[in-house]
Amino acid sequence: MSIPNVAITPEVVAEHGLSEDEYQVLLKIMGREPNITELGIFSVMWSEHCSYKSSKRWLKTLPTEGPCVIQGPGENAGVIDIGDGLAAIFKIESHNHPSFIEPYQGAATGVGGILRDVFTMGARPIANLNALRFGSPDHPKTRHLVHGVVAGIGGYGNCVGVPTVAGEVNFHPAYNGNILVNAMTVGLARTDRIFYSAAAGPGNAVVYVGAKTGRDGIHGATMASAEFSEDSEEKRPTVQVGDPFTEKLLIEACLELMQKDCIIAIQDMGAAGLTSSSVEMAGKGGLGIELDLDKVPVRETGMTAYEIMLSESQERMLMIIRPESEAEAKAVFDKWDLDFAVIGTVTETGRIVLKKDGAVQADIPVGPLVTEAPEYDRPHVPSPKRPVIAAADVPAPDSLTGPLARLLECPDMASRRWIWEQYDHLVMGDTMIRPGADSGVVRVQDTDRGLALTVDCTPRYCLADPETGGAHAVVETWRNITAVGGRPLAVTNNLNFGNPQKPEIMGQIVGAVAGMGAACRALDYPVVSGNVSLYNETEGQAILPTPVIGGVGLIDDVHKLCTPALKAAGETLVAIGQPADRTDGWLGASLYLREIEGREEGAPPPLDLAAERRTGDLVRGLIRDGRVSACHDVGDGGLLVAVAEMALAARGLGATLEVPTAALAHAWCFGEDQGRYVVATSDAGGVLAAAAAAGVPAMTVGAVTADGDLTVGAGDLISVETLRRRHEAWLPDYMAGGA
Amino acid sequence: MRTAIIVFPGSNRERDMVMALRRSFGSDPVMVWHKDTELPDVDLIVVPGGFSYGDYLRAGAMGAHSPVMRTVKERADKGVPVLGVCNGFQILTEAGLLPGALMRNAGLKFVCKNVHLRVETAQSVFTSGYADGQTIAVPVAHNDGNYFADDTTLDRLEDRGLVAFRYVDETGSESDAANPNGSRRNIAGIFNDTKTVLGLMPHPEDAIDPLHGGTDGRGLFDGLARALA
């Protein structure tokens, strides 16, 4: 077969998502008109998805270094030192567009892709997390999408045997046409056995391992770089199909081979498949690669060079190995019944040369393909500041327990048990805190240490004020790790936004990244990896700005973990970070305002990063010293919701929340002032004294009771079991078609 | 005492099982690859959980035809205790070492949560660490745990005392609500005729450490270690 004779017309260039200017750069690099395969390669490498062309300028402003950082952004995943010769390797990645089109496979392959990013670097994956956003529960597609995405995540993660230990889910009409599926994987490796992707050593073999290449997923990266329109479902063929069984074999085979001294470099084939993996490996090594595409294992006949290079078939990896290691490496993959094919060699030419059927199908200089990728400073306008809503201007409800029950059963707060019971969250035997707490915790096998893991973002804050919202997402993970007793170490981020060519959307991105950077700097909490998903728009309607943060913290002793569950009647509830003289609470952009008053308005609660750090450090110390028996951060729904969740996490206990007489009760109970935790303790005096010594406000707010009721103020009470029924009912009822 | 764990492509709870066996037996099990036909002399063979062969065809169907399973059957016939958990249970039924079949969960969804089991008999090498009728809490994590057999087979199992565990509520009573997968007669685990082969869907190996949230799974492994000593 010769090179397909496709004329490179302006229409063909446009169909490949390249602008006229970008095409001119391409022509300059090539010095001639490209053929269709070459155009396809430029197209995917310069897609938003692969090149980060709209966001790179801003991502560079994030702090990426710190004492624990071994590898920051730019590799397959971030790597941090967790001591004792071990590294945690992690990253979060979106699979938004495919999941909307084909939810089961889209979500499943999202999990598969992020797992590969992590084990590529030599880590055994030990935990998965996910952050999901769906449209309004009333939207006709939502139930189907929730069903498919959850089944897809479970179907893949359960089969590969990596526990899914934490996650978050929001529902909002802004996601009706663009759901978000962000999947995170955390792995463990020895610090002296970390594998990178830079090709080295001209003459070394380029080896393809894993599953065979088919025609699925061609142009997935380009699809993820454009808005959706009514005909997007026609793009179903661009969604890949996952095979978790092959992935499991690939994990075991790669980790087994990594015990030997064969691999020079390794890279998974993710978005843009063989193209991005080979180009990135060559680019990072400053070398060239020559591939013989006739040697690529294929599962369909008659595939063209274009199709082979752009296929996004799953469960494939590219490795550079020493030629003398070939037999040893092949034996490992034979054992696991996986394809192993030497498909090319590393060269000194600095060019990627593809041959098929005896002819050169593409010949591109790697350097310019990578370094001259477009990078834009897109116009941006800041989001208009919203007015601060005075708590006194929000009508008071008749009772406090009524709105409490409504909040606990609203779609954003209702129990996610229906979801996480479909995820194997226990496999590997090291899950120490299961889903539903502030963070999931997995033990580092055969040690007393653990990793605290969480993913967080509050999109309504981000819409209200992208900078505060971006900072908040970082702080929320930091608090959630602190609340279980962990030391927050580093984050990965997943920036989900609309069309960056719209200045107001670009303004959201710029704002969120600025807030994120400020929070990470203030907390010494660097960003070590991440992913950007733009063009989450349908028919001009953008999603809420959703910069998701995945946080990783270290637990020094898993025997000293803390959970939100109340433990013993008679203990005192202390709100740490709560000033005793505060008589109202921040209701702007709160869950209460949205769910009870039907208003999505107002500025979000401000953050004081220095106070956050003081407060969190205090709480972590109290947990470490065993001075508190339960801890929960105060988030959505405020203080009363936090206390209710602590009672719900226990069995047979109740609690009281004493509202100061001078307080505006509903604002005090439901306000979302930041930087607060509720702890249960038998030594309230000691806890208050420790807070005072640390310069952190704190006050006694209630007690743990044996009566099984939640009592707010004087006599406004509801049984915890009633709350539990309502909290647990919404999601299963909704999924059964009832809600 | 020596133990062995059979590892299939797609096994994924072998690590959990190693931890449980190590704790109760005081030594690490031998890991046996499914293509091996040689099985060392051991006192206990464990077929662990996971998705052998990706559950393709039917859960456990292909694992049952792995080369090593012929040897496992021979050993079982000689009375060497064989424990199959979750996918291991599925493989043992597919291999004909245990009667019945594990079908798709009645709820049609994967289910991972704690359940309560009633120990139907403590008279076996596997359950001697428990008391008759004791209620224990252990997790399940499966998609195909819906135990099915015809009435004749079920009656026979009951008559001979070959039902090992049943799903119950925390007070020890059988109910539909306590049954996570629709298993007939709430059956969670069964023995072969000689009570030397046990298959069960729940994961006692994930309930051996207080940090797991409970240690009720220890009884099975501690009891085995004592019985086989």
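Glycine too: its Cβ is placed from the backbone N, Cα and C atoms.
Positions annotated as active site, nucleophile by TrEMBL: B:CYS86. The active site feature in TrEMBL is assigned to B:HIS203, B:GLU205.
Distribution of TrEMBL features across the structure.
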residue: B:CYS86; record: active site, nucleophile; Cβ neighbours (10 Å): 30
residue: B:HIS203; record: active site; Cβ neighbours (10 Å): 29
residue: B:GLU205; record: active site; Cβ neighbours (10 Å): 31
Cα-Cα distance linking B:CYS86 (active site, nucleophile) and B:HIS203 (active site), given in Å to the nearest integer: 7
Coarse DSSP state, helix versus strand versus coil, of B:GLU205 (active site): helix
DSSP-derived structure type at B:CYS86 (active site, nucleophile), helix or strand or else coil: coil
Between the residue listed as 'active site, nucleophile' and B:GLU205 (active site): CA-CA distance (Å): 11
